[in-house]
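In what follows, a structure is listed as C-alpha cells, so that the remarks can point back to it.
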Amino acid sequence: MKKLICLFAVFLMLCGRAFALDANDLLPPEKAFVPELAVADDGVNVRFRIADGYYMYQAKIVGKTDPADLLGQPSFSKGEEKEDEFFGRQTVYHHEAQVAFPYAKAVGEPYKLVLTYQGCAEAGVCYPPVDTEFDISGNGTYHPQTDEPASAKDRFLQPSSQNGSGALPPPKGDEGGDSRFKLSWDTLNANLLAFFLAGLGLSFTACMYPLLPIVSSIVVGDKKAGKARAFVLSVVYVQGLSLTYTLVGIVAGLTGALLTVWLQQAWVVLAASALMVVLALSMFGLFNIQLPNAVQSYFQNQSSRLSGGKIVSVFIMGILSALIVGPCVAPPLAFALGYIGQTGDAVLGGLALYTLALGTGVPLIAIGTFGGHILPRAGDWMNAVKYAFGFILLAVAVYLATPHLPYYLVVALYTLLMLVPACMLLVNGRRQKRRPKAVAFALGGILLIGGAWFGWQGANGKTTALHHFLTLNPPAEAGKSSEHGKMFADTAALKAAMDTALKEHPDKPVVLDFYADWCISCKEMAAYTLNQPEVHQAVDMERFFQIDVTANTPEHQALLKEYGLFGPPGVFVVRSDGSRSEPLLGFVKADKFIEWYEQNR
C-alpha cells in the first residue's frame with residue numbers, strides 16, 4: 001500500500017511539471033527532420049526521415065529551383081489526416097515522408113534546389129520553416145560539395161548544406177496548397193459528397209428549366225415505357241450530361257500545375273477575385289450569362305431531332321444539354337474548376353465534375369421516372385438558392401484576395417457577407433408561410449448574431465475560431481495593447497519597450513511570449529489561455545510582451561537563438577537583472593499558466 005501511495009505521489013509530481021517542458025529535450029530541426037535526395041533523369045525524389053515524437057506538414061513541403069520553374073507539380077506519399085480547429089484538416093507525416101518532384105522541362109545545366117519544409121514536436125512546439133539547399137548537376141546526378149562519392153545517382157543522399165535563413169517564409173497560400181480546401185485521394189469521399197451536394201443545389205436553380213421539356217420528351221419517345229424503362233432512359237440522359245462535365249474536370253486536373261504557378265501572382269489572384277464578383281452578380285439576376293439565342297436554338301433543334309426512347313439518342317441528348325445549360329451554371333462551375341486545378345490529377349478532376357453532374361441530374365431522373373408532380377413547386381425558394389450561391393462566390397472572392405487587402409477591410413467584407421443575407425432572410429421571411437418563415441428567421445438570426453460578433457471581435461483586434469479558419473489575424477502593430485498583451489513584430493522595438501518597462505519598475509518582471517501564425521499551440525494559447533479573466537488577474541498584461549515571428553526574418557531567428565528556442569511557443573519571465581526563467585513550452589491551460597508564472601515571477 002505504501003509503495004502504491006509513493007508511486008501515486010511521484011505521478012502527481014510529474015503531472016505538476018508537465019507544463020514545464022525542458023527546451024533541452026527538443027531536437028534541433030536538422031536532426032528532427034532530415035531530408036535525403038535521389039536524382040533521376042525525370043525528376044527529383046526526396047525522402048524525409050522524421051524523428052520519433054515529431055511530425056511534418058505536407059502542405060509546407062515546397063521545392064524551388066534556381067533557375068526557376070524547373071519542377072512540376074509534386075506527388076506525395078500517403079500521410080495521416082490531422083483535424084485541427086484552427087487550420088482545418090491537415091495531412092501530416094510521422095517517421096517518414098516521400099515527395100517526387102518531376103521535371104517540368106528538360107534539364108541540361110546544373111541548378112540549385114531549395115527545399116522548404118516545416119514540422120512540429122508532439123510536445124507542442126512548432127519549428128520555423130527550414131530551407132535546405134542542394135547543388136545538382138544537369139546530367140541527373142547530385143553534385144557533391146563534400147566527400148560524397150561520385151556514384152550518387154539513384155540513391156538517397158544527404159544534403160550539401162542546411163540553413164534556417166528564412167529566405168522562403170511560409171506564405172499564407174504556399175505551393176503546398178491550403179489543406180482546408182484540398183481535393184486529394186486521402187479525402188476523396190468527403191470531397192465527392194461535397195461536389196454531389198453542390199450539384200444537387202444547382203439543380204434547383206432556373207438553369208435547369210431548359211432541360212425539363214427534353215427530359216419529358218425522352219419518356220414520351222418510348223410510348224410503351226413503364227417506370228423502370230423511364231428510369232433507365234433518364235439515367236442514360238444524365239450520363240450523357242455528366243460526360244461533358246467529366247471531360248472539363250479532366251482538363252482542369254491536367255492544367256493544375258499551370259494554374260498553381262499563375263495563382264502565385266498577385267494580379268492574377270485579384271483578377272480571379274474580380275471575376276468571382278462578376279459571376280456572383282449574375283447569380284443575383286443583375287445580368288444573365290447564357291449562349292446567344294441562335295446557338296441555344298441550334299442545340300435544342302438538334303436534340304429534338306433525335307428520337308426519344310433509344311439509348312444512344314438519349315445519351316447524345318444529354319451531351320447536347322450540357323452545352324445548353326453550361327453558361328448558366330458557369331459561376332459556380334468556375335469555382336469548382338479552380339478548386340480541382342490544385343490537384344494536377346486528371347482522374348480526380350474527372351471524378352469531381354462527374355459527381356457534380358450526378359447531383360445536378362437527380363431531380364431530372366426523378367422527373368423522367370415519376371413525372372414533374374413529385375418535385376417541389378417552383379417559387380421564390382429557387383431564387384433563394386441562386387442568391388446563396390451568389391454570396392458563396394462573393395465569400396470566395398474575398399478569401400482569394402485576403403493576402404492582398406488590408407486586414408480591417410477583409411473583416412468588414414466578411415461581416416457584410418453575413419449581415420446582408422441575414423437582413424434579406426428576416427425581411428423576406430415575414431411574407432412566407434409558417435415553416436419557411438421559421439427557417440428564414442432561424443437562419444437570419446444565426447447570421448445576424450454571428451456577423452455582428454465576428455465584426456465586433458475583428459474590429460477590436462480579437463479573434464474567434466472563424467477568424468482562424470479564414471486565416472485572419474490582426475496586424476501586429478508595435479506596442480499595441482490587446483488581450484494578449486503588447487504585440488511586436490520588430491525585435492528592436494520589442495527590446496526597447498521591455499527595457500523601458502524594466503527600468504521604470506525594476507522590482508516587477510516582464511513576460512515575453514513567442515508567437516507565430518503557423519504555430520498551432522500558439523493559437524491554442526491565444527484562444528484558451530491568454531484571454532482568460534483569471535490570467536489577466538494574475539498577470540499584468542501591460543507588462544506582457546508578445547513577439548510575432550511569423551515572417552521568420554534573420555532578426556527573429558537571432559532572437560529565438562538568444563532565448564534558446566527552436567520555434568514558438570515559448571514564454572519567459574524576464575527580470576531587471578537580466579536573468580530569465582526557464583521557458584514555458586507548448587500549450588497549457590490557464591491554471592497551469594498561472595502556477596508557472598507564480599513560481600517564476
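Here the Cβ of each residue, glycine as well, is placed from N, Cα and C on the backbone.
Swiss-Prot lists CYS120-CYS126 (among others) with the feature disulfide bond, giving similarity to another entry as the kind of evidence. Neighbours of CYS120 (disulfide bond), defined as other CB atoms within 10 A of its CB across all chains, total 21.
As annotated by Swiss-Prot, disulfide bond applies to CYS207-CYS328 (among others), with the evidence given as similarity to another entry.
Per Swiss-Prot, disulfide bond is recorded for CYS519-CYS522 (among others), and the stated evidence type is similarity to another entry. Within its own chain, CYS519 (disulfide bond) has CYS120, CYS126, GLY567, PRO568, PRO569 as residues 6 or more apart in sequence whose C-beta sits under 8 angstroms from its own.
As annotated by Swiss-Prot, domain 'Thioredoxin' applies to 467-601. Averaged across the domain 'Thioredoxin' (467-601), pLDDT for the predicted model comes to 85.
What Swiss-Prot lists as signal peptide is 1-20, and the listing cites sequence analysis.
Annotation source Swiss-Prot lists topological domain 'Periplasmic' at 21-191 (among others).
Summarising the annotation, Swiss-Prot assigns topological domain 'Cytoplasmic' to 213-242 (among others) and lists sequence analysis as the type of evidence.
The topological domain 'Cytoplasmic' annotation in Swiss-Prot covers 288-310 (among others) and is backed by sequence analysis.
Residues or ranges marked as topological domain 'Periplasmic' in Swiss-Prot (evidence: sequence analysis): 332-346 (among others).
Annotation source Swiss-Prot lists topological domain 'Cytoplasmic' at 368-380 (among others).
For 402-406 (among others), the entry in Swiss-Prot reads topological domain 'Periplasmic', with the evidence type sequence analysis.
The topological domain 'Cytoplasmic' feature in Swiss-Prot is assigned to 428-438 (among others); the stated evidence is sequence analysis.
What Swiss-Prot lists as topological domain 'Periplasmic' is 460-601 (among others).
According to Swiss-Prot, the transmembrane segment annotation covers 192-212 (among others), on the basis of sequence analysis.
According to Swiss-Prot, the feature transmembrane segment maps to 243-263 (among others).
The annotation transmembrane segment is assigned in Swiss-Prot to 267-287 (among others) on the grounds of sequence analysis.
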Residues near CYS522 (disulfide bond) in space but at least six apart in sequence (CB under 8 A): CYS126, PHE514, TYR515, ALA516, PRO568, PRO569
Number of Cβ atoms other than its own within 10 Å, given for CYS126 (disulfide bond): 20
For CYS519 (disulfide bond): DSSP state (helix, strand, coil): coil
Summary of DSSP states over the topological domain 'Cytoplasmic' (428-438), given as helix, strand and coil counts: 7 helix, 0 strand, 4 coil
